Each structure stands twice: as structure tokens, then as C-alpha cells.
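Working notes, structure below.
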Amino acid sequence: MARAKPKLIKERVPTPEVPVEERVRSFVEVNLGYDFASALKEAERCIQCPPEYAPCIKGCPVHINIPGFIRALRENPDNPDEAVKNALRVIWNDNTLPAVTGRVCPQEEQCEAPCVMGKVGEPINIGKLERFVADYARKHGIEEALLREFMGGNGGMKGKVAVVGSGPAGLTCAGELAKMGYKVTIFEALHKPGGVLIYGIPEFRLPKEILEKEIAKLRELGVEIKLDYIVGKTVTLEELLEEYDAVFIGTGAGTPKLLNIPGILLDRIYTANEFLTRINLMKAYLFPEYDEPIAIGKKTIVIGAGNTAMDAARSALRLGTEVTIAYRRGREDMTARIEEIQHAEEEGVKFEFFVNPVEFIGDENGKVKAVKFEKMRPLDERDSRGKRKIVGTGEYITLEADTVIIAIGLEPNRIISEEATGLKTNSDGTLVVDENLMTSIPGVFAGGDAIRGEATVILAMGDGKKAAKAIHNYIQAKKANA
Amino acid sequence: MGYKITKKENLSAIDFFMEVEAPHIARSWKVGQFVVLIPDEKGERVPMSVYYADDGRIGMFLRRHGITTFKLWYEFDVGDEILSITGPLGKPIDVKYYGNVVFVSDAVCAQAESYATLKAMKEVGNYTIAIQTFENAANVYPEKYLAKPVADEHYLTTEDGSVGIKGHYLDVLKELIEKDKVDIVFGGGKLGSLKKLAELTRPYGIPTIVTVRQIMVDGTGMCGSCRVLYDGEIKFACRDGPMMDAHKIDWDDAIKRNARFAEQEKIARERYLAKLREKGVI
Ligand SMILES: Cc1cc2nc3c(=O)[nH]c(=O)nc-3n(C[C@H](O)[C@H](O)[C@H](O)COP(=O)(O)OP(=O)(O)OC[C@H]3O[C@@H](n4cnc5c(N)ncnc54)[C@H](O)[C@@H]3O)c2cc1C
Ligand SMILES: Cc1cc2nc3c(=O)[nH]c(=O)nc-3n(C[C@H](O)[C@H](O)[C@H](O)COP(=O)(O)OP(=O)(O)OC[C@H]3O[C@@H](n4cnc5c(N)ncnc54)[C@H](O)[C@@H]3O)c2cc1C
Ligand code: SF4
Ligand code: FES
């Protein structure tokens, strides 16, 4: 007799969100995530593809055992603590910041894109399940117990490693090395750790409290974090190499690209980095309760279409201005996560496509009052990244704006490469590394945006992890030969 | 965590001196570089020039300008800790033999730099000249805080003539140039004066290197807040400066950009002063 096939549930179990009217004036987190019952329901939809085949695993840049953690979650329906602990153990094997990645990864392009369930209905909501596991574990004190399990450490006796930068790449590299038994010190230029996660991504997407807890876990693992320390200025790379067995550079891509067009120095034209740093790191949205000011008008134009542009646009909206995102390509070429684009639309951000800024126009006080754009036309040809090529039409439009935020991209800063002469860079400032992520200086490794230009949180973490293994091999080989 | 204040002293009607324990910065600071400090959790990041870096400590001159510097003056005493101090930031200046080196200054940050720069310049054999301008007698620093000990010639001017020479550094400098004894000018202070300084030295072809003071956030080249037009190109004052060729800066734009947050600064300052009045501090 044929066994009854389990019924496929085509629709996702939704996650609740803060209503639009409530959230557009506040920085509270928009998505509220699953509770255990709804997470279980969503987990039940997974058909448990065998791990050697599971397309979701292949789609994940760090190959989290997704069917494995989903199975663990559903195996103990009556004991949520146990279920979450087992699921978290599976995730931590590959990713120690699930509360972050569950919130900011572009799942729709990674694990969820090839999910088999996506062929018959909606793919499994992997991101929200990952986030649920992390959030539940944090709230119920499950992480501490698991952390002890993961500590194979021997009090830093294996060697000493310096990590430069406390973004996702640096944090991951430091965590992995600490777990292996290394003494790790992170050097961070800013006064708070986290990299883009602290100064770039707003509270309504990634609450600071969650990030702080993630970083506290590292400190528990014995990682020391030296803030206000700029490698290349406060201390040189050479000095670090004298004191440490190896160095990991995870300095990210923090230098904003500017538009080289007339009017760029006008008042109230911000780079997204300045705007977001004032708001996120310095809490300018709470001015004058906090001292950091921000000046903003009634009509804001954000130039760009990535996550940075969405974050800037939605932050500006919350400060009480009208916002239009202006992009030189079309809707389908926007690089931001779908969820962020949808949230931006729901919240009332407007979009102008196929417009390329050519001039900022100022008023008599030197403040911006409008932006002149050339209208662009898409061609059938595609460029190397698969985006449709565009050409100028020679037609222009002018849009009024009393605030402009430029979010057209970032490149790596050259603080270290300018100081450490032996460190090779590519023309765009990214560091040259070999297949083990070692730079041109022996014992110095690098990863994340510092080698990729702009990438993603999970890719930076993947690099951090890969570098940690390579650093371990390097130090042990050196010690064996000594 | 935190950085201890080790000395604090009033300098004049508006400026004060503060020394902070910051061994990480003191060991690597070089003339021309600055620091960024944050008083407390709610504070902002403010750039400051360095008067000296010595024995693990950083000496600074601060002007009671607005909320941050008021806070540091009224709420922080010797023994207290500030939240953060980062540095050294920016590029050092080229300390070498030039001949007759003049440092001109007419505001707080430049008074600190005057001492630091001329000290270094004198050590490598330059003939050093300081011209320090203050608005009036009440603003003049005690003698030990002037650049006198490191200057072969020292001129003190006040704009109202209440002490020293009546006039501005521009007037004294003009005379010195005409006497043909200036090989290079360094300087800092009010941006409006720096614009005039650039115009004064340009026709003589005298190299003129000054602090391009701009509103900063990170101070490392990450935010673009401090951007200026330099020789027709966009440069970041924190990363490519802060000491830059005065003849290449578009001063009108730099002056405008430095007033960007005037409205917000006023709100913060008024609110803070009201709080102090309420508490009976002032
Ligand atoms: C606004 C914004 C939104 C984004 N949204 C997403 C998203 O939703 N999903 C996603 O996957 N990706 C997103 N990204 C991209 C993602 O944040 C980055 O790819 C990722 O943070 C890179 O990590 P990293 O560790 O390489 O560097 P970073 O996060 O940039 O961290 C680098 C750290 O190094 C420090 N540093 C730099 N130089 C020095 C030095 N010389 N000495 C000491 N410290 C130094 C910096 O201060 C910083 O803290 C976003 C980026 C931005 C800007
Ligand atoms: C390289 C450099 C060196 C400096 N050195 C000194 C110094 O030695 N002593 C000193 O008193 N001041 C110095 N400044 C200026 C100092 O940063 C400001 O005085 C300080 O930010 C004032 O903050 P506030 O809240 O007290 O006053 P506010 O009311 O906020 O500002 C008063 C004025 O300070 C300037 N300013 C405000 N915020 C900033 C900022 N984040 N970055 C730069 N300028 C700002 C503006 O011109 C403003 O009009 C320096 C600035 C730079 C760029
Ligand atoms: S591809 Fe989708 S259905 Fe298959 S294991 Fe992964 S999440 Fe489950
Ligand atoms: S202060 Fe941010 S780039 Fe100079």
C-alpha cells in the first residue's frame, strides 16, 4: 500500500510587523519575528532534502546545514529550549552571528532562491527561522550553556593573533580563533565595535542591543577588544607583527564614493556614511537628548539603490521628511534586499528610475535646493554583472530637494596600505590575497569588504572563518618548524 | 574603559587647557596630527589639536564653544574619565630645515599647534617666529602657555590693542615678509583669516601650510563630512590634511561648509546653558 504523501503547504507562515503608521516615526525594529509555535509551523513545511543534495545549503555562502537546523527545531515540539539549543548548535557550526544574518542576509538571493519548496509555492522562510533560533536562545539563556560546549580553548596558549577591525569579518575571525585556543585582540578605530553593523545598519533593522549581546559572547570567549585604535596610525602593522603570531585585516570598505559633479560641496548634501553614522552610531535622531546634530529639510533625495540607499532613505523618513530614491537604472537592477525595498515602499518612499544626477543646484545660502538629472535609457545589452546597460538621452529633469544623500558605493580605506609599504593592493584599494586569504606580507591575512570591495555580511563572516583556519595552520606550521 | 583627565586649567576668558591620559596616542603622535574625543555616552565626536604628547599624556587647548566643550569645562574634573579619545589622525607635517619658519595663529586650535610645530621646527635648526593673535586682553593665555619658549622671535597681538601689538597676525606677517625673512608660513585658526593669509603670501610665492578646519565625524576618511575642494579636487581634511597648502584650498566653500550645523549647535548650547542656570552652576 502506498504511503500517504505529506501535504505540501505552499504558503509561508507570515511574521508580524509593526504597522506602518507606527513605525515611520520611530526606530523600533520593523519585523517582529516568529514565536515558537509559528516557527514550528514554518519548519514543518521543509521537505528535508538530503544534505548532500539540499540546494539551500549550496545557496548559503557559508553552507549552514539548513535542513539540519530545521530538523532539530521540529524534533522537540514539547521542549522549545531543547529544540532551540539543538538547532543553534547546528547553526553555530558555520555561523556564530545568526541574530545578525537572520536579519540582514539577502536570503532571497542565497539559501531561499534555490529552495525546492519555491518551485511549488513559497520557499521556506529560512532567514526568519534562523533569526528565531538566535533570538529565542538569547532571551532564554541558552547561548551560555552552548558557548561552554564550543570552547575547546586552552586559555590562549596556542598563540596570539591581532584582528584589525570589528565588523562581521573581524568578529568572526576572532571568535573562531578564540574557540581554537588562541589569545585574540581586536583593534577597532571607532569607539564602538561592530563595523557597518553598528554605524551603518539602522536600529529598525538590527537593534543595537542584539549586536551588543553578540559581541559580549566574544568577550566571554576571551577576546579582548581595543577601541579607539587605528592600525596604521595608533599602532603600525609592523609593530603588531612583532607582538603577534599573525594578523587578520578586516577593515571593510568605509570610504564613500562621491559624485564628481557641480554643487557637491553644498550644505545638506551628505554621503550615506555621514548621514547613517550621525544617526546610528551617534544617535542624532535623538538630538538634542544626544549631542550629535543632523540637519534635514522637507524633501530628501537619496541617490543609489543598494541596502545603504534604503537604510538612508528609511532613516530620513523617520526624521520627518519626504523621501525619493533616484536610481540611474531600473527597478529590477536595485541591489538592496527585497524586504528592505518592500518596507521602503510601504513606508512611503518614492522611486525615480533611469535618472542620473548631473548637477546639484544651491540657493543663495549655499544649501542644496534641487538636483538636475539626465534621463537614461536601458539597452538590450547586459554588462558583466548581468545588468542592462544604460545610455544618456540628452533630456534632463530637475527635482526639488533640500536634502540629498549620496549612496553610490564605498571602497576600502587606505590607512593600512599607505603605512605598510609591503602590503599589495589592487587599483580599487582592495587588498591582494592568495587562496588562503594571506596578503603579500607573510602572516598577515585579510577578508571581508577589505578584499572584496562591497559585499555582504555573510561573505565577510565566511572570510573571517576561512582566515581563522588558515591562520591556525600558518601558526602551527611555523611553530613546528621553529 | 575611559581616559583619565590628569590636568585642567583655565587659560583665558574663553579657552582652557586639559591633559588626558592616552598612552596609545602619545607614543605615535607627530606634529600636524590631531585627535578626536568624546566626553560621554551622549556626546559627539570632536576633533582637537594637540599641544603636546608626552609621558603617555595628551595636552590640548579647548575653547568653550558649545555643548561639548562646555560639558568638558563644567562637568569634568581632574581624575574623571572621558569616554573616548582616538588618534593620532591626519598626516604629520614635514619637519625639516626650511630656514625662517613662521607660525601664525588667531584661535584656540592654532595656539596649541603654534607651540607644537615651532618646538619641532626649532629642534631641527630652523629660525622660529610665532605670531599669536588674541581678540583682547581677557583672551590672552598665561605666559607659560604661549609659544615663547620655542620661538626665536615672538609677537603677541590683540585685535583691540589691549595687550601687545594692536592688530592681527596678518599685519605683523606682512611686515616680516617685507623685511624678507620668511621661508615658509604655517598657521591655523579662523578660516576667514586663513583665506586672507593665502591671499597675502601667494604673490610672494611663500609656501603656506595651514589647518583646514572642517566639521568632522569619524576623522579617518570614512564619512566625507570634512570634504573640501583642493586644487579642483575633492579631498578629506581629516585624511588628506588637516594641514594643507593654503593656496590650493577653495576657502569660500570651506567657510560655508563649516557653518553647516549652526542652528543645531545653537539649540544644543542654549539647552545646556539653561540646564546649568537651573542648577545654579552659572
Ligand atoms: C548601510 C549599509 C547597509 C548594509 N546592509 C547590508 C545588508 O542588509 N545585508 C548584508 O549582507 N550586507 C549589508 N551591507 C554590507 C555589509 O555591511 C558589509 O559587506 C560588511 O559589513 C563587511 O564586513 P567587514 O567586516 O568586512 O567590514 P566592516 O563592517 O566595514 O567593518 C570594518 C571595521 O574596521 C574598522 N577599521 C577600518 N580601518 C581600520 C584600521 N586601520 N584600524 C582599526 N580599525 C579599522 C572600521 O571602523 C570598522 O569597524 C550594508 C552596508 C552598508 C554600508
Ligand atoms: C583638525 C581640527 C582641530 C581642532 N582643534 C581644536 C582645538 O585644539 N581646540 C578647540 O577648542 N577646538 C578645536 N577644533 C574645533 C573643535 O572640534 C570644535 O570646537 C568642537 O567640535 C566644538 O564642539 P562644541 O560642541 O563645543 O561646539 P559647537 O557649538 O558644536 O561648535 C562650535 C563650532 O565648532 C565647530 N565644530 C562643531 N562640531 C565640529 C566637529 N565635529 N568637527 C569640527 N568642528 C566642529 C564649528 O565651526 C562650530 O561652529 C578643531 C577642529 C578640527 C577640525
Ligand atoms: S531546499 Fe528548502 S525544502 Fe529543501 S531542505 Fe532546504 S529549506 Fe528545506
Ligand atoms: S571626518 Fe569623516 S571623512 Fe573626514
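Backbone N, Cα and C define each Cβ position, glycine as well.
The annotation [2Fe-2S] cluster binding site is assigned in TrEMBL to B:CYS223, B:CYS226, B:CYS238.
Proximity to chain A (CB-CB distance below 8 Å) holds for B:CYS223 among the binding-site residues B:CYS223, B:CYS226, B:CYS238.
Under DSSP, B:CYS238 ([2Fe-2S] cluster binding site) is assigned to a helix (H, G or I) in the three-state scheme. Counted within 10 Å of its Cβ, the other Cβ atoms near B:CYS238 ([2Fe-2S] cluster binding site) come to 27, all protein chains included.
In the three-state DSSP classification, B:CYS226 ([2Fe-2S] cluster binding site) falls within coil.
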